């Protein structure tokens, strides 16, 4: 009954979305305020309906309703409650429902927080959001309906892939989708602007918070995915250049470019057509990513069960959405007039360089990901494009960009003084030199590229702090004045500083992985392995029952110079329903390095394979990502405050008066 | 002139769509790999036979067109093609030789006792070395080797009546017109 | 459907073992072992599709790791060892595609794009930016106003 309610709500949502995508658009063209106002209510109703559909599917999972095919295929009564709920989006149909749920959430957010938007722009933006919704609701209802039933009910479900039964992976898709789908707002703003034929500073200011928020979510989503593979795969790899990873990384790269180019539009009223194109491409890459993951045209470890008819349907959606918006772009963009002029050496110039390198980086990832498919389609040889390609092609492009991140913010708008900026970075030269020397000394001249990467990180970190010090004129004016300046700095300035510091921290984490050490040994209970100064002793392995698995739980004592550091418990878990074994690693971090222990197989004599890894600075990868996302949030809080001021003041005033009268 | 830059993204996108359409064509399976061993001499092997049937060697098979089927008792898709192999061996006198990939004689015997034995002879590749040399990456795989010992065709995954009629039998006829 | 079934079966058989390089596989000679690890990390595991054989726990990955070590012990160079694997499984096993006419676009496309982008951007910026004509210096009143404006901006 509740399932039918959800199914019906989803169908109703489709019709609401159809209204939302047409009526306001016509209203905006005819300047009919009433028709334009339909957009808001439609967006809110659509959100309510899809939320209802989502909740009813969750209900079916929680109550283990085995008349619903989707529940049979992906759930089991023995599964812990958390994974019953997250299992909803652990499969193709459910994850598509989550996708449109996030889309309607974004539309509802635009509808709610758009008091300061001109009514026509708001109507058009919501109408484009509605069109995207129509496309994906049709896709769900016709090819991937999670509400289909079967009778008689199955005795029990087939369970969920044990690899997916993990807290990290449970919350990875919602963040990732919020990021992907959040870029739909920037896309809708771009399409609306092309229809209106106007892009100005105000437009950029409206788009920016949505782009920033999506970017933050995507950053967190990607970081969670990478962290998950780090602690699950049993040997600590955190990035594989896998097509599915690349599918999330490409929108991130272009989205990052977009955040920077939209600043130029806002402050200097130029780079407009480029920014519009980035808005379109960022969301298009999210859509292409969805297509790649679900159509089965690329081989990937993460791919969902695939089906060519679904692939064709998504391809059709791509043609309509991307083809349509790019056609509009080709027709309308040439009419947009660029504004402010600037010298090549200037803040604008550095942001152009940033955009150029990020776009080329994205194009490289795109080429590497799809090259096997291109060759195959042309009847060429079967090839793999793996990490060596990306390390040789993508990474070198990011080096000049990271160098430029240190200098760019020190350049003035319009016309900058490169020499002056380079002179002010004296602290960065010293820090870089010291870090490189120290790294060479500690690692006895270890891998050159990794040492260089650490130097790059130090350069970036110090340069970003130098920029902040310059802003508050630290040591040039009395400390109290500097402090006052620091307090009055806009939050967006702190946001940028934090995001760039986060990048520096992550770069250090990426680079240091070349210094990893490992020891893989077969040990008897009581035996030990030494690595990087640690003494890792396997005390005993116990068989323990879990909720839906049986675990071999190892008790491992870690000591250093005879002092107990802690006990660690890596496990091997056997899931009888799926007849699969997973490995639960155990990680001990001191934030400077991780000690990573995984339990391998046991042989007939009762000896166990134990894998111990020592990974310096690896936690910094994710700490950096969190700092980056936090910087985005800080910047976001500044924008909202500024944008909201006018409208809030207007609304508050009438209410204040009666209060005073009482 | 300037307009070209604005049309370029659209053009590139449609080129991309073209590739996607080709990749989605039925029968265009990106997962199936061609064999690197095609048109090359089959690697030599000398495998102990099942029970006392004598060893199976590549040298011993030369001079005839043969079909070599890599299979195992633990392999689920092998069960799918098994009845078809039986029928081909009985009705079409298919010169079928089996290589039991990473399996034990006991298991293979149980399998053949239960489902029937389509093979003229079987070699036990317990360590999987022969499979490795052939470039086998999953069982079942089926190779057609001509009288000169050259690999002419490789089938990945279970044979189906369709692939047998359209590909296997015509190839055998072409290689050995007399039979 | 057939391909789906097959890949499912392959995936299942790939799941049985759990981890990458096993202690029993390793060579006593640390130099050879280090070379084996480097080679393994650049060879793709065919049944898992996107992992190197060094990372994969699949049986086939184990077999190829053993093959690599056999060849190294027999005195092959790294290139010969990789070629031995390519002879059996094709170029698909190479995570690093070879540089040949079919991959020129892959290898030279990205640097070419950056070069093109830099030249194009430089050209565009130069054409757009007309260096400002020398302007008369500000008088005292103007300078005061400018100061005030700048302060407002930074606050």
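Including glycine, each Cβ sits where the backbone N, Cα and C put it.
For the domain 'Cytochrome c assembly protein' (A:89-295), the model's average pLDDT works out to 89. The domain 'Cytochrome c assembly protein' annotation in TrEMBL covers A:89-295.
The annotation domain 'Cytochrome c-type biogenesis protein CcmF C-terminal' is assigned in TrEMBL to A:315-639.
Annotation comment: TrEMBL describes A:6-29 (among others) as transmembrane segment.
Listed as Cβ neighbours of the transmembrane segment (A:41-62) (distance under 8 Å, sequence separation of 6 or more from its ends, same chain) are residues 2-3, 5-7, 9-10, 12-13, 16-17, 19-20, 23-24, 68, 70-71, 75, 81, 84-85, 87-88, 94, 97-98, 100-101, 104-105, 107-108, 110-112, 126, 129-130, 133, 146-147. Annotated transmembrane segment per TrEMBL: A:41-62 (among others), in sequence order.
What TrEMBL lists as transmembrane segment is A:96-113 (among others). Outside the transmembrane segment (A:96-113), and at least 6 residues removed from its termini, the chain residues within Cβ reach (under 8 Å) are 10, 13, 20, 39-40, 43-44, 46-47, 50-51, 53-54, 57, 88-89, 122, 125-126, 129-130, 132-133, 136-137, 139-140, 144, 146, 173-174, 177-178, 180-182, 184-185, 188, 210, 290.
The feature transmembrane segment is assigned by TrEMBL to A:125-142 (among others).
Under the heading transmembrane segment, TrEMBL lists A:175-195 (among others).
Cβ atoms under 8 Å from those of the transmembrane segment (A:207-229) belong to residues 106, 110, 166, 168-169, 171-183, 185-186, 189-190, 237-240, 245, 248-249, 251-252, 255-256, 258-259, 262-263, 266, 279, 282, 621-622, 625-626, 628-629, 632-633, 635-636, 639-640, 643 of the same chain, restricted to positions at least 6 beyond its ends. As annotated by TrEMBL, transmembrane segment applies to A:207-229 (among others).
Per TrEMBL, transmembrane segment is recorded for A:249-265 (among others).
Only residues 6 or more beyond the boundaries of the transmembrane segment (A:274-293), in the same chain, are considered here, and those with a CB under 8 A from a CB of the stretch are 99, 180-181, 183-184, 186-187, 189-191, 193-194, 199, 204, 207, 211, 243-244, 247-248, 250-251, 254-255, 257-258, 261-262, 264-265, 300, 302-304, 311, 314-315, 317-318, 321-322, 325-326, 329, 333, 336, 355, 359, 362, 366, 369. Annotated transmembrane segment per TrEMBL: A:274-293 (among others), in sequence order.
TrEMBL lists A:313-331 (among others) with the feature transmembrane segment. Remote same-chain residues near the transmembrane segment (A:313-331) are listed as 131-132, 135-136, 139, 142-143, 187, 190-191, 194-195, 276-277, 280, 284, 287-288, 290-291, 294-295 (criterion: CB distance under 8 Å, separation of at least six residues from the stretch ends).
Annotation source TrEMBL lists transmembrane segment at A:352-374 (among others).
Residues annotated as transmembrane segment in TrEMBL: A:425-442 (among others). With a cut-off of 8 Å between Cβ atoms, the residues of this chain six or more beyond the transmembrane segment (A:425-442) that come close are 406-407, 410, 450-452, 454-459, 461-463, 465-466.
Counting residues 6+ beyond its ends, the transmembrane segment (A:493-515) has Cβ neighbours under 8 Å at 238, 402, 405, 409, 443, 446-447, 449-454, 456-458, 460-461, 464-465, 467-468, 471, 615-636, 638 in the same chain. The feature transmembrane segment is assigned by TrEMBL to A:493-515 (among others).
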